[in-house]
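Features as listed in TrEMBL:
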ACT_SITE  E213  active site
ACT_SITE  C247  active site
DOMAIN    24-433  domain 'Aldehyde dehydrogenase'
Amino acid sequence: MTSYPHIDDIYSRLRTTYNDGITFPLEYRRKQLRQLALLVQENSEELCAVLQADLGKPKLEVILTELLPIVSSCKTAIEKLDEWATPEKPEVLDWRKSFDISIHPVPRGVVLNISPWNYPIVISLNPLVGAIAAGCPAVIKPSEVSANAADALARLLPKYLDPQAYAVVTGAVLETTYLLSLKWDFILFTGGCAIGKIVASAAAKNTTPCALELGGTSPVVVADDADIDLAAKRILWGKKQNSGQLCVSPNHVFIPRHLQDRFVASIRSNYSTYFPSGTVSTPDMSKIINGSHHKRVLNLLASSKGEKILGGGHNEVNIELTVLKDVPADDSLTKEEIFGPILPIVPVESVDEAYDIIRERRAPSPLVTYLFTNQQELREKFLRGVRCGSLVQNDCVQQLGVPELPFGGVGDSGYGAYNGKDSFDMFTHRKSVLNVPSEVEPMLEPRYPPYTPSSLSIFEGMLSAPLPEL
Ligand code: NAD
């Protein structure tokens, strides 16, 4: 394996910082959190420019989906840190009442965050808010694919945050492989499932816990009672975000067959409102990240049996936001994460059929299922029966902007979750602390050898004590 002395230097610097307890005081963490918010506020123009260069991301989307979440996470963490970091004093039951017990939230240690190219600023920095709040030194490894964003992070971070505790390592597979050979105390990986498995295997070799934030084919179900116009407006908005290059992008839409035409009419109407001059050259759409993804998305589109009703064209960097109707349920577009600006509409006989199809495909359990309905019973049915990271009712993508909700997958869409307090928890170890006072010694006597029938009978009595009545 190629070695990287600069990575070794960073690693040992951060380890020393952790061992010396530099990142532990809450005042230090609050200061770093404020600095991180300032980094974003004072460099928002530059961050918008690099995301324009990498992804053609509209400024409004950069502010809404990449910058604001970081600043508001920092504010919340600064305000809530005392509360989050306060040790818990659980109630002690039975004969253990005189034990002195507490649970202390302590930093997990030195952590690594490997991030993807599609939201390169927010996915690098928002988890960092949790790491800083929890008291962990951290290395960020941004994706080499969004190179301008990676360079900006590497340049800006040391100007604002303590370089003894936080660092950016740029690079591609070789550098990441080297990083993964080191022993971290926690690894957060966001990206595709295939690389996620490589990361989890490398973490396992060092008994390092990790969280995997992966992708998947998040389905949308529009029920008979849904407000069709509002559903179309919101689904189209969700799909256009970053030209569909979003882990929680609505992948495909199931709708009862008798509603398909009404839904299509509403999609058409919203499409022309959002994009009066089309979607190829509008500054309101992101571009496709690179040539290989451009080709992949066009191939996927060509393989579909659905009928194109909007879009379908492309230029060298962009692909039109393309909507297809009458897409078969087993079409290639429903089986693969599209990760591009294509919206397939799949007519079904009933919502129950959509439910069955989603359940049958349990294996790639998606990050989210979107359900457009106001029927409480239907919501309960999906809540209980569909395996996915989140269930979102009557909107798309908005869950990312609700820090009170943990964000994470299940099964093939990953494990572990962050956002708000969950970000603090992700990088925190709950350390149990117990003091057994000498006064309880008489109660502990039966545990010591020689084991006599009378001490045995005490424990047998405890074992057979009555269970709570139901
Ligand atoms: P990716 O898996 O290709 O790359 C992610 C990171 O892994 C990058 O930093 C990259 O440098 C590194 N990497 C690549 N090859 C590696 C290797 N062989 N060994 C070690 N590290 C390696 O993912 P991507 O293409 O950047 O992102 C797209 C995927 O990410 C989609 O599936 C999407 O759904 C998912 N995603 C998930 C979330 C989420 O929060 N759940 C968010 C964004 C993207």
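Using the three backbone atoms N, Cα and C, a Cβ is placed for every residue, glycine included.
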Remark   = Integer Å value for the Cα distance linking E213 (active site) with C247 (active site) is 9
Task = Translate the DSSP assignment of C247 (active site) into the three-state scheme.
result = coil
Ask   = Does anything in the same chain, at least 6 positions from C247 (active site), have a Cβ under 8 Å from its Cβ, and if so what?
value = N118, T190, E213, L214, G215, G216, L367
